[in-house]
Structures are given as structure tokens and as C-alpha cells.
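The domain 'Cadherin' annotation in TrEMBL covers 34-133, 134-242, 243-440, 441-548, 549-653, 654-763, 780-874. The feature signal peptide is assigned by TrEMBL to 1-29. What TrEMBL records for 895-918 is transmembrane segment.
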Amino acid sequence: MFATQGRGLDPGRLLLSFLLLAAWEAGSGQVRYSVPEEAKHGTFVGRIAQDLGLEQAELVPRLFRMASKGGGDLLEVNLQNGILFVNSRIDREELCGRSLECSIHLEVIVERPLQVFHVEVEVKDINDNPPVFSLREQKLLISESKQPDSHFPLEGASDADIGENAQLTYRLSQNEYFSLELPTNSKQIKRLSLILKKSLDREKTPELNMLLTAADGGKPELTGTVQLSVRVLDTNDNDPEFEQSEYKVRLMENAAKDTLVIRLNATDRDEGVNGEVTYSLTSVKPNGRRLFTLDENDGEVRVNGTLDYEENKFYEIQVEVKDINDNPPVFPESEKRIIIAESRPPETRFPLDGASDADIGVNSALTYQVYPNDYFTLDPQNSREQTSSLSLVLRKSLDREEIQEHNLLLTASDGGKPELTGTVQLLITILDVNDNAPEFDQLIYKVRMLESAFNGTLVIKLNATDPDDGTNADIIYSFRRPVSPAVLYAFSINSDSGEIRTKGKLDFEERKLYEISVEAIDKGNIPMAGHCTILVEIVDVNDNAPEITITSLALPIQENAQVGTVIALISVSDRDSGANGQVTCSLTPHVPFKLVSTFKNYYSLVLDGTLDRESVASYELVVSARDGGSPSLWATARVSVEVGDVNDNAPVFAQPEYTVFVKENNAPGCHIFTVSARDADAQENARVAYSLVERRVGERALSSYVSVHAESGQVFALQPLDREELELLQFRVSARDAGAPPLGSNVTLQVFVLDENDNAPALLPPPPPSQRVARWVGAGQVVAKVRAVDADSGYNAWLSYELQEEEAAAPGGARSAFRVGLYTGEISTTRALDEADAARQRLLVLVKDHGEPALTATATVLLWLEDGGAAPKASSRLVVGPAAAAEAALVDVHVYLVVAICAVSSLLVLTLLVYTALRCSAPRGEGACVPGPARLVCSSAVGSWSSSPRRRRQRVCSGEGPPKADLMAFSPSLPPCLNSAEGTGEIEAGSEHCPGECSVSA
């Protein structure tokens, strides 16, 4: 077992990562195990968790899972102990077929962080498959004329195992005729052959049955058997034989015509046509041929003429005559044609017509010779009755394929002196028998075909030859049975020409090699066959685009993820081979991601830069895979990477501070303003909660004055506000998100309490009971002064003085002698006093503010007119004693108040004119920043209003004593272009959302 560990791309282990990567390329996986096939369920394979460097306790939390490419559920991991074990039956032959290497490739994936490991489990072969013959019985037809050492091919067995378990040896059951020639090629391409040890004789042994056993090289060995049935085919190797060599028959000389003389019965031990006998007369003494007939089929000899005992008592008469040698031997024909089948065995005899010699005695004693005589010899025989017969005897086997015709000269010599001779030409024609099987020029043909070949493309043209003649040499080609369905689908063969052509679509990815067995059979009476094998190698073309598989995704990825974080595992594959199957991957450019090759055709999609969800919330990545073919093919896959939010943005207010104006005497719980903060994060990280930053306002807590709604940001006044008590309430509102840890920010609210006319003018201090005035004072002389103050501010504190007419009128309807200054409260004479004026003048002065509605106060001034004395100095004081000191500290603010109001009004008018001019001259267009109308920030609940911190605030103060905020005037602002005021609490002055009264007095 070979085991290596592989982890993520830790920079601290960069060298180790390179070494591991080299090891992965050299081997088949990061961890390698082996297991025998057919192992039982639960068989231990390896400690996979330990070998991968994973802790057992983290297998479940890290979502340990394992995927198999084509291995199904053959293997499983126990998550409790990290052991890899056999889960179901593993059949190596089913898994990998005849491939020498067989492995199960596993992908182990764990998360948190995402990691992938490649594991290879080699499946070892065991001897679980016996040799198998394609047929239960093999039948062979062998002619009895076959010579010893003849070879007869057999179909061997096959073994689904590999290696030694598939190395086959063969044994043949004991017999006297055959032995085996064993194949020596390790690929079992050379066919098994049956060798004839000695000649067959059908007449003795017409049929042989043997048992062929194949044994593999496993331990223990497994065997397979097939029955060999050999049928011996007959050849004409036996002459007909008579029951006796000589017959004697007695006939009456008056025997009628067609009288049966004898029924001859010759038998032939051959079978079929070779055993059929034909009878004929070959030699008859003079006059015999006309007297007798012979039926060539049944052998009946019948009388054909009139027999005459007196002429001839015997039809073969031996006469002894002495004479001189004056006659040469004579053959009946000068040329004799003989037809002999090449299958005739040696010692076969062929009868010949001998010569005749008219001489007698020694002069007629004939001897014969034949030449050339490599194949034949002569055998003359004499019977006891001195009858002779001549036979041509075959000395050795004929072969028509070597010599098709023999020309021999037969010579007959007599015994005279000098001897005389006669000759006859023997023309022997060798008839062909089907004793040669068709032969291919190669036992194995190798052909390479492009998988893109069209239907009908020529694969190979086979040319088998048969040295026989005639129909015995005519060949029919066919696929040798059994034929695999794949071959039948893809190829066809022309039975006459031997052309093999494509018929179906070839696909390198489905099948890389076809093994086609072809049989060539001749047309002889007993057909003979030859065989060859065509190995068709399919050559790959680039017809398959790469395939991209996203095996695991760790999404969404947090925006604060570190560079190098693995996001997805991507595997690419191409069913083509070679350069056509070499795939390179690329990624969409200009994205913070990259592809890292981890193992062969596996890539990791890793983070290559920083992420900001607020800038880009998701990425649509395109993974492109392109093969190395020409032209290359490519495929793409889209990966949607969602960026997960982290709490890296605090809530943000539109402004750092807001100014809010609220009328005093508001109702408790009224809404005075709404703060709004925006958080660029998402979901919980963007959920903002508002709260007050608590502090003390005087002796009381801030929360007793105002509150803020945690979700909406609405600010409420919890009690009526009194400007005279609290003119400005400044506090901070905190906005905090729900992230972990939470982030927050603050905004400052300045709440100005606006005055309402809720205070009447007050006389300051109370006037004395009376005032003495000399009668001689002239007109316009100030004789008294009424002083009043108002706790309110602005218009509500602007006082005016009036003298009640009914009190100030003179007797008799004359013009009143006194008047009061409208804003100064000074009582002065309107004319010179005279005697007619009453000595006691009671003046009623009405003090009125400018609020809505106006509030008043009255002051009664008593004047005593006296005669004589120096002219009194006009006093501007009604207050004497201790109050006079306090009154002296007061400045007459009324004059300054009038001046301030006029100045502010002038400035306001000038500003409005400039604003109008800018509005008219500015180009109109969507989105253009143009000055807007002066904006007031109002709250609908109490009619409060606010301004931006950019707005100016002016105070008009009196010259006496501490300054008093009698009036606040604001210059109009030019607000920035805003699409919406939503969430800011700002509303256009006078709009329907601000039912309270928002106004500016000048």
C-alpha cells in the first residue's frame, strides 16, 4: 500500500505542496490502496482518514463525503473510525474487463475549509473465472486420406482473468491418432492445432471422440473442457473384391439366349459413391465377346448367342504350339487415358489391358516396364489357369497441386530371340479432391480506422487462396461464429470478394479495438475452412468537446475570506485520447478568482483577491475548457459565486448633526423628528437599531425629555417643553446594527425650542404711587416712563405702549396733555400745561406684545401738577430705591430691536432677489444642481422645524445687561440635489406633511 498526504495550499508548506503534486502526477492518487476482487462485505481497505491527515472527530462536522467515478457504492467509509471498507461485491472483470490495470478512483471532499483528496484503490485479480470454450462440442471433418503430421486448427478457450490466472495450457484425452500443438504466443493469437499422428482408416474407425481440457495458471487451477467429435470422411481407397478369384460354370450347348450364366457379386468397403461397383468385360478369348453379355450394374452374365459344344467345349483353351518369334506384342490401344483421384492412397491398384502376342511358347511370354516411375509400378499376376492380369500400382501419394498430369510409357517385351516389343502411352490425369483448406497470407491482420469513417468505407480486402481446383477452390467469406453484436453492428463482409466495410458508426470512446474472426470456406463436397483474425484499431478524432463538472461548491463565500480560499472543485474530461483529450481550463478575466490545477484534470477555484460585497454582491464566472485537437473543441460552464456579507460597515447618517426646531408647550409623546441611518451590509448586518446616548440635562436625565423608537428612528418629546426653561436641547442618537460584533455610529440633534406667546408683558419694577410734575413744563417734556418686559422672545417679546384714551383725555374734550412712546414707554407732554389741567392726572398705559393672540398688561401712572419751583429734570425712571439699580442695568432694547428687524428684513429681501435671479438663469435639465427653495425641517406632530448646520443663526440682543435671544433669523440655504428626503425628516415648509405652523418673522 502506498499512501501520501495532501492538504490545502498553505504558503508555509509550499515546497511540500510541489513535492506532493509531483507525486500525484507520477501516481494515480494522493492515497493508494489495493483490495482483492470478490472481497467480502466489510473487508478492511485502509485507514483513509488517518492517511489523509484528517482527525476522526472532524469527519462529521466537516461533512466528510466520498464520491466514486464509475465505482458505485463498492467502497464506503465508517465515519466513526475513518476506515475504508468493502461495501458491496467487487468483480474485477465486470469493472475493467481485460484491462491489465484496474482501479477505483475516489474523490474525498471535506468542508470548512473546502478540501479535496484523490484516492485510488487497485483491484487485484483472483482466479475466479475458469477457462471457457465458446462451444460445448467442436465437430471436425477429416478425410481419411490426410497424411500424418497434418494440422487441424481448434478454437481455444478464453479466461476472463488476467496475468497468470489467464495463462492457459491444454490436454487431450488419450488416443492413438491425434496430439496437440500448443500456442506459444502470450496473447493466445496462434490457434490451437490438432496434429494427426498416423493415417486414418474410415473403414476401421469412422468416428473419434476426444476430450480437450484447458487449465489456467491460477492456484488452485480452474479448468474447462470441450468435446471433440472427429468424423472420418471416406476416400476411394478400396478395390472391389469378388468372393472368389475363379468361377467354374457348366452350360448346356442348347442354352437359350439371356440364360443366366452367373451372378457375380463384388463388394467395396468404401461408402457412398466410392462403394458403388460397375461390372465390365476386360478380356475375352476369341469369339467370347459375342456369345456373352455382362450387366454392368448387377454383375449378371447372360448368354448372348448360340453355344456349340462341337465347336468349343471350353471358352478358354490352352493349346501348346511350337513356332518361331515373328510377332511382336500388341496392345489393344496405342494410348490409354487413366483418371486417378489424388486422394488414392499408396498401394492402390489400377488394372491395365495387357498386350497380346500371336506367337506361342517362349515367344509369347511377355514382360512389362513403365517409366518414368517415381509414383507408379507394375504388378503382373498369373492365375493357376495361366491367365494373366496387369495392374498399375501407386507407390506414393499423389498431389494434384504439385503434378496435375503424369505421362508414362508402358512397354511389353516378349521372350523371343531377338525380343520384340510393343508400347502404349499412359496419360494419367490427377483429379482434384478437396484436400486443401483456404489459406490467408497472414494469420493476423492489423488495420487502423478513423472513427469518423463513413459507412461503406473499405476496412480490408481479404484474399484467401485454395490450391485445389474447380469448385473446391471457390471460396466463401464470412464472420466466424459466434460473432459479437459490436462487430455485426459496425462491419459487413462481402462473401465473394472478402471485402470488409464499415456498416455502423465507429466510436473510439465506446470501443477502441475490434477483433474480427473471418472464416473462408471452399465449395467442396466436404467443405474445408481457413481462418484469420483482423484487429481493427479505431483511431481517435477530435469529435468530443470537453465536459466540465462542478463537483462541490462552498457558497456563499464570505467577503472577508482569505486569498487562496477554495470555493469550488471543478473536474474536466474529454472522451477523446492523446492531444484531442488534453484539456486546458481558463477563467473569466478580471475577476478576483483563479483556477489552480490540483490533480490531472481537476482544478480548484480559489480566491485571488479581496472581496467587497457592497461593491459586487455576486460574480458570474465562466469556466472554459478547450482540448488540444485541431480544430480544438471547447465547452463552458457558468459558476455563480455569491459573496456573503460580513459586518464591515457601520450605519451611516446622512449628516453628522441635525438642527430641529420645536414649538414649546408641545403635547407629551409627540413626534419631533426622524433619524435614519443606512447600513451598506445585508440582512442582519444591515438591521439598524436606534437608541439615545444617555446624559443629564440639568438635574434630570435626557430620557425624561425625549425618546427614540429603536426600529423607525422616530424621536418623541416625552413632556411639554418650555422655552423659558430650556431653550436648546442637544443630544446624540446612536445607530447600531445587528452584526456580530455590532457596529454603530452617532448623530447629534440640536433641538431648539421655539417660543410661543404664553407670557404676558410684565411691568418691571412696579411704579411708585405718584409723580409730581411742574405746570410750567413745555411740550415734549418726558415726565415719566413705563418699563415692561416679556419672558417670550421675538415678536412675542416685542412690546408696544398705548395710552388709554379715556384716561388721557383732558376736561372739556381738549387734546390730552400727555402721550406715551409706542416702543419706549416714555410719557411725555403733548403741549404746555395750563391752569385748566387738573392737578391730579391719572394715566392708564396699556403694554401689549406682538404675539398671536397678543397679551397685555396695564400700568397706572399718577401725575401731580404743581405750581412754581425750578423746572424739574425729566426723569426716565419710574423706579426708585433698590429697584433703580437693577433698572439702570437694563438697556433700552427696543430701539436696537427695531434696527435689527429692519436689517434682517433687508438682508432677507436681498437674498430672495439673488436666489430668484439664479433660478431664472440656471439651465434646466434632469439631474442638474440648481438652488432650491429655502427648506425647513418640520415635524408634523408639533409643527417644529429645523435647518442644516450650514444655515446661519443671528441673535439680536439688547445693549443692557446680558444678551437676550429676542429673535433668530436664518438665511436661506442652497440645498444639494437630493432625489428624496426620505428618512431625513425634512419636509418642505408649508407642505401638507407639516400641519404645525412653521414660519419665520422678519
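All positions are counted from 1 along the displayed chain.
Backbone N, Cα and C define each Cβ position, glycine as well.
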Quiz item: Where DSSP helix means H, G or I and strand means E or B, what are the helix, strand and coil counts for the domain 'Cadherin' (780-874)?
Solution: 11 helix, 39 strand, 45 coil
Quiz item: Using DSSP, how many residues in the domain 'Cadherin' (134-242) fall into helix, strand and coil?
Solution: 4 helix, 47 strand, 58 coil
Quiz item: the domain 'Cadherin' (134-242): mean pLDDT?
Solution: 86
Quiz item: Looking only at the domain 'Cadherin' (654-763), what are its DSSP counts of helix, strand and coil residues?
Solution: 7 helix, 54 strand, 49 coil
Practice problem: Could you break down the residues of the domain 'Cadherin' (549-653) into DSSP helix, strand and coil, giving a count for each? | Solution: 4 helix, 56 strand, 45 coil
